[in-house]
Structures are given as C-alpha cells and as structure tokens.
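Over in TrEMBL, the protein carries these features:
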- A:66-178: domain '3-dehydroquinate synthase N-terminal' (DOMAIN)
- A:70-75, A:104-108, A:128-129, A:K141, A:K150: NAD(+) binding site (BINDING)
- A:180-323: domain '3-dehydroquinate synthase C-terminal' (DOMAIN)
- A:E183, A:H246, A:H263: Zn(2+) binding site (BINDING)
2 protein chains.
Amino acid sequence: MQTLYVELGERRYPIFIGSHLDPKALLEPYLHGRQVMLVSNTTVAPLYLQSYKDALIQLNKQVAECILPDGEQYKDIQHLNLIFDALLESGFNRDCTVLALGGGVIGDMAGFASACFQRGVNFIQVPTTLLSQVDSSVGGKTGINHPLGKNMLGAFQQPQVVLADMAQLDTLPDRELSAGLAEVIKYALLGDQDFLVWLEQNMDALVARDANLLAEAVYRSCAHKARIVANDEKEQGERALLNLGHTFGHAIESYLGYGVWLHGEAVATGMVMAADLSQRLGWISVEDVERTKKIIQRANLPISCPKIPLDEFLAYMAHDKKVLNGQLRLVLLQRLGQAVITKDFDIELMKQSILANQSVS
Amino acid sequence: MQTLYVELGERRYPIFIGSHLDPKALLEPYLHGRQVMLVSNTTVAPLYLQSYKDALIQLNKQVAECILPDGEQYKDIQHLNLIFDALLESGFNRDCTVLALGGGVIGDMAGFASACFQRGVNFIQVPTTLLSQVDSSVGGKTGINHPLGKNMLGAFQQPQVVLADMAQLDTLPDRELSAGLAEVIKYALLGDQDFLVWLEQNMDALVARDANLLAEAVYRSCAHKARIVANDEKEQGERALLNLGHTFGHAIESYLGYGVWLHGEAVATGMVMAADLSQRLGWISVEDVERTKKIIQRANLPISCPKIPLDEFLAYMAHDKKVLNGQLRLVLLQRLGQAVITKDFDIELMKQSILANQSVS
C-alpha cells in the first residue's frame, strides 16, 4: 500500500492506494463522531457496501445508508435532496461523517451534501472507479449538474481521508476503465512527459488491469494533481490546467445529453481537439497530435465525436465555467507534457479543430 | 454614516450603517466583474429594487433579478433553485456578484446560492429589516430550511460588503421591528450589561423608530457579533453564545410552523425560557428574570408561547443543530450580560422552564 498526502495545511489528508485495503484499520483514525452515512448507488452498493458497514459497526458507529440510482443523469438537486432527507430522517447531527462509496457522481453528490448539511460535516471518500480514484479523490471539488450546465452548483469540500482500492476495479466495466485512463493520460499530457513515456510503455498492461501498474498510475496521477491543488486550491490560476480537454468535452457531453458519453470519453476527444488546435497554432507538431491520438486510442477511447452543429457546440462551450467575463479561455499544449491556459488563440482555428475531429457519419 | 469592519483576515469586509446611503458610491469598490444578480422578494422589490438597479446600471453593470415570494416558508430548496435558474438563464459566470436585497430569508438564500453557484461567487448584502441588519449581516451563515429542521442546509459565506440603511426601516411593519429588537436585546443579555442599561434607557425611542438610536443599536449589535465571529468563524466554541434563546426558539418556530411566529418573537420567548432555567439553576435571581421579561415586553415581544406538548417541544429541540453527539447543549445566563454554553443542567428543571413560560389558554 502507498500513502500520498494532499498538503492543504490544516486540511491535509491522506490517500491510501493499494489492493484489498482494510477499511476498519484505515478509517478509524479519521472518523470523528458516532454517526456515519454511507452514500452509494444501486450498482456499487450490492458489491461493496456490506464490508464497509461491517467495519463501521465493529467500530461501534451508528450507520445509515442512502443508495441513489446509478448515473450522471441523477446528479441533480432532486437526488442531492435525497441525501439530506436520509441525514435528517436518521437524526444525524453536526458531528456526523458522510462516506461516499462509488464513482465520481457519488463522490460529487455526497461531498456536496456533506458541505451543505448543517453548513459542513466530515467527509470520507472511497472512490470505486479508476476515474474517481485519479480525479475526484484530490481537489475537493464537489457538486451537481443543472439543466443548463454541468457542475454548475457545488462546493470545495476536502475529505478527511481517501481509500483507493484497486481490488474494487475488478468489477468495473471496460468502458469505465478506459474513461479513467483518459484522465490518467491527461496528467501526462499537461505536465509530465516522463509519465507519457511510461504510459506508452504500459498502456496494454493497464488496459489488461495489472493491479500493480494501475496502483502506480493512480499514485502518479494523484501526486500530480495534489501538487497543483496544493498550490491553487480555489482554482485562481494553475489549477485550471487540469481542465485540459474539458471545455471541448463539456460541450460534447452536454450536447449528447448527460450519461450518453462517459465523462472520460468526452475528455479524451476534447484533448484531441485541444492538441489539434495547439498544432494549428504552431505550438506542437503534427506528429505530437498523432502521438496524442495514439495513446488515447490504445486506451480504447474515442478520438472524435459525433457530428454536432457548430453553433450549438460553441454555445455549450460558452456555458462552461472556464469562460471568464464572457471570454473563452482554453487549456492548450505548448508542447506534449506542458499545458498552458490561454485566451490568445484564433477562434476560427478553434472552429476548424472542432469540425476536424467529428466523425463524418 | 458609521463603518464597522468585520475582521476575517483576507475576507475582511465593511458594514456601512446610516440613513439614505448612496449605493453607487458605496458598492463600486466592492463589485468585481460585470454581472450582478439582484435577489429580492415581492414585498421589498417594489420599494427599493429600482434605486439599486439604477445605481448598478450607472456603474455599467449587467443587471438581472430574481424576485422570490416573501416569507420563511419559501426558504427551501425549490426556491433556492429559482436563483440558480435565474443565474444560468442570464448566462452568469464565475465572476458575477449576487446581491441580496431583503430580510434574513433573502440574505440566507441569496448567500447560500452565491456560495454554491459555480462553487462560490461574490456576495453583497443589503439587509432591509432590523433583524437582518443586526443578525445576518455579520457571521456569514447562510442556508435554507428542510421539512425536518430549520437552517439544516447551508454554507459559511462572507459578503464583500454590507449596506445597512435605516431609511429602509421606515416601511418595516411594527411586528418586524420588534422581532429585530429581540436580537438586539440578545447581544445585551449575552455579553454586555452596559448595552442592557442603554436599551432600558432608550427602548421607547427605539420602538418609535428614532433613526439615530436605531443606527447606534445596529452598530453596537454588529460590533458585538463581529468580535465573536472574528474569534470563532466556524462556530467551534464562543460563537455558539449567539444562540441564546435559539434552541427553545427553534422548537417554538418549528412546532407552530415556519412563518407563523417571526424568528425574533420565538427567540424572545426562548430567551425568557433560558433566563428562567438559569434562575432555577441558581445562577441569576428572580429579579434578573423579571428584568429580562420587562425589556422584552417593552419591545412588544412575547414572553410566553402557546401550549406545546412537552414531548414534541423536546423532540424539536433535539433536532436543533446545537445538539452535539445527541447531547443537548444550551446557552444559559451566568448573570445578566454574561452567557455560557453548557450541557450541565438538570433536564427536569429545563422542562419546568418550558412549561412555566407557555400561555395557559
């Protein structure tokens, strides 16, 4: 087992990364108060909830649960409210802990609920997808969607501790494993050329779920994100680099409707568009773009999206949070392994990059 | 005009207190970004919204508005969502400001919405009731109610600036003026015997709406609260003193149904119960209790509540956030002008204090 500390001063917390982690031993030091609300979904709960429940009961905790339907389309205010209902119906107080057992959606919702309930209670994350292990476990971003935009409502809420258990990836569908690899690739592209080389060497084994390599990929991804977040918790600057591929990706996700494409799939194609635009701006080479597409394809991820009318694509991009004062800012690649936040690009070239990476069907 | 700074490090902000304040001059330095969402209610908007709109348009801002129905019964997740809808339908971004123009309910909802929207945008408060001027303008507590409890969902969100304009109290109903005086009296009882003497000297003029004396009462109340909040922003300790009368008061409000009694009215009777229990514990004298009742009555506030079955009263008290680990903590009076947080009291005496201050009808 490896341990990575996210350095946030008083709110410093550990991420435990390994296989077949022992929840009782690992959670005990981080549980304050007696009440624990387990938030999970109908897919994950039947697989992993009982072992957490057992561990908590052995720790003499008062355990309650809130099982939500599975899917991004339920990441809304109505389903958030079900967590509040469960907390209040169980008579939970300010000293309780909300534990998220599931992927990014569950982490986002349970985290946001824990930030709002009684103006903030303790929060623990057990991410059960590769995507949430490398993305949601670091950074404290929580939230829900609104019909007019993804993640429009939320809070910065740091967990007490994160358990990333590779054994829980055994039951993860292939498509979701790939979606997680999209974010792993993102860390390499935006800031770590060595990691990109490592991924090129190990992608086949990662896709084949080698647990040790997956743990290493999670560790390196989280370490990378943790460094950025420690410098810029509230996303005033550097942290926005983590949005590589996300502004394009959000437009794809929003147009297709939440839940049709996985977040990681949309980000994958979004990264191709960002690389393509970076090439049109003369920052990276055609070979760099091909290398980007290649590693994304090897992770079984899409490098183009369905045909989307350009005006609609742009309208969805404009609703993305990365728009500051109405001006679009994008994360682009100065070179492979070094991203930059910029509003200094030709909008016509951006349109070409969008159109060039849509399937012709 | 007087200016009071709430000292919260980087989030230090001023409260401007006076009559006929100039919103254009006072708001300008505190408005970042171009977009301003005015949140108000159907009672306040027709009276005061236009002058703020005009000032903002003169400042070249993009102004939108969200007018909610007036009343505590609308402080729920459905009406909170209307603010989110307005923000997104207007295309507002992370650089926008949410300005609350109204009483405590509007301040709580607009503040909570500003804390959640895009994980936090700027917030400005223009409290138009005496209660919100002395209570909500300091402390950063925002939130909404849940069917199972008051203010169960929320966030700590500090404003950029607060404008407390005594001229806006001209249109405040007498009953609401009195409700505000309840919180003013609270500051005196919990921490400032000199202020209690000042209130005993000036209560008749305050009830008669002497603007200078009201401004002085607002300044002293806010200064008192600001001192406590600066020491204990997240209510780990001392800040809980501000809940004098609130645990009893919440039970009264909850039982009667939100909006039947005003918050200040419930707190007034709650303070009588707290004083009564303090006397039964031998901490203050019968004369002290009479003095407490007297100043509350002179503010035209109730010193007893309707008959409420004891078990229901206790159940509502237990849902109050001041319950820690299932154990009830109360704010009681060690002497007039000095409150203390304690769980060290005889529950039977507490029951007597509740029963003794209900009307026999």
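Even glycines carry a Cβ here, placed using N, Cα and C.
Remember, TrEMBL labels are computer predictions, not curated facts.
Everything TrEMBL records as a feature, shown here on the structure.
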residue: A:D70; record: NAD(+) binding site; contacts (Cβ under 8 Å, 6+ apart): A:N41, A:T42, A:T43, A:V44, A:V105
residue: A:Y74; record: NAD(+) binding site; contacts (Cβ under 8 Å, 6+ apart): A:L68, A:V105
residue: A:G104; record: NAD(+) binding site; contacts (Cβ under 8 Å, 6+ apart): A:P127, A:T129, A:L131, A:S132, A:D135, A:S136, A:H263
residue: A:I106; record: NAD(+) binding site; contacts (Cβ under 8 Å, 6+ apart): A:V39, A:S40, A:N41, A:V44, A:L68, A:A100, A:S132
residue: A:D108; record: NAD(+) binding site; contacts (Cβ under 8 Å, 6+ apart): A:K75, A:S136, A:K141, A:T142, A:G143, A:I144, A:N151, A:G154
(request) For chain B, give the subset of the binding-site residues A:D70, A:I106, A:H263 whose C-beta is less than 8 angstroms from one of that chain's C-beta atoms, in sequence order, otherwise 'none'. (result) none
(request) Specify the count of other C-beta atoms within 10 Å of the C-beta of A:E183 (Zn(2+) binding site). (result) 26
(request) Note down the number of other Cβ atoms within 10 Å of the Cβ of A:K150 (NAD(+) binding site), including every protein chain shown. (result) 23
(request) Would you mind reading off the Cα separation of A:E72 (NAD(+) binding site) from A:H246 (Zn(2+) binding site), to the nearest angstrom? (result) 16
(request) Determine the Cβ neighbour count for A:H246 (Zn(2+) binding site): the number of other Cβ atoms within 10 Å of its Cβ. (result) 25
(request) Take the domain '3-dehydroquinate synthase N-terminal' (A:66-178) and average the pLDDT across it for me. (result) 95
(request) Using C-alpha atoms only, work out the spacing between A:E183 (Zn(2+) binding site) and A:K150 (NAD(+) binding site) and round it to an integer in Å. (result) 17
(message) According to DSSP, collapsed to three classes, what secondary structure does A:H246 (Zn(2+) binding site) have?
(response) helix
(request) Can you see whether DSSP assigns A:H263 (Zn(2+) binding site) to helix, strand or coil? (result) helix
(message) If I take the alpha carbons of A:H246 (Zn(2+) binding site) and A:K150 (NAD(+) binding site), what is the distance between them in whole Å?
(response) 11
(request) Could you break down the residues of the domain '3-dehydroquinate synthase N-terminal' (A:66-178) into DSSP helix, strand and coil, giving a count for each? (result) 45 helix, 35 strand, 33 coil
